[in-house]
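Quick look at what Swiss-Prot annotates:
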- 1-26: region 'Disordered' (REGION)
- 17-26: compositional bias 'Low complexity' (COMPBIAS)
- 34-50: transmembrane segment (TRANSMEM)
- 51-203: topological domain 'Extracellular' (TOPO_DOM)
- Ser59: active site (ACT_SITE)
- Lys109: active site (ACT_SITE)
Amino acid sequence: MSSESDSPTPQTPPAQPAASQPKADSPLMEGIKTIGLSVVLALGIRTFVAEARYIPSESMLPTLEVNDRLIVEKISYHFNPPRRGDIIVFHPTEALKQQNPSLNEAFIKRVIGLPGETVQVTGGRVLINGQPLEENYIQSPPDYQWGPEKVPADSFLVLGDNRNNSYDSHFWGYVPRQNIIGRAVVRFWPVNRLGELGPPPSY
């Protein structure tokens, strides 16, 4: 009689492979992903929220000087129309393009006339519906005569603060609301002039 047990010998179950770990990206790939995400976020902010702009000319003296850097916000005009005194950045109008077909740079001017208002420039003053506009921010009183004209619906009359050296609405007409990019809110350069841009004028 055999001394060994007749019961079957237990079998060791085969080893199960360990769960595979996701392969870590190389430092180069991580860097590319980070840069890509940063670019997407920057483009989104620039398109929908705000962007930086610089001043290329003297047309907004003394408020804005050549090479000033500004932040232009793009959100508020989706909810409220521009106000008198806002400093806006806008795409060239059709009238501007007709005068200069190669023109594609954005303009920056101050909103003076609102839709439905009658505007006149006479005697060195701007009149809104016959009432003089108080303007303590202009370089010098305008030396030209213009109007009276009624501002069309959904359009704005804009003038440079340097009234006698500004290519603005008194040359080429009104800015449709759809052309407006946004409102200049803060000057961030040069640092000695950093701050919010001034309140709107009154009359």
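Positions of Cβ are set from backbone N, Cα and C atoms, glycine also.
Model confidence over the topological domain 'Extracellular' (51-203) stands at 94, taken as the mean pLDDT rounded to a whole number.
The Cβ of Ser59 (active site) lies under 8 Å from the Cβ of Ile108, Lys109, Gly160, Asp161, Asn162, Asn165, Ser166, Tyr167, Asp168, each on the same chain and at least six residues away in sequence. For Lys109 (active site), the Cβ neighbour count at a 10 Å cut-off comes to 23, with all displayed protein chains included. According to DSSP, Lys109 (active site) is assigned to a strand segment.
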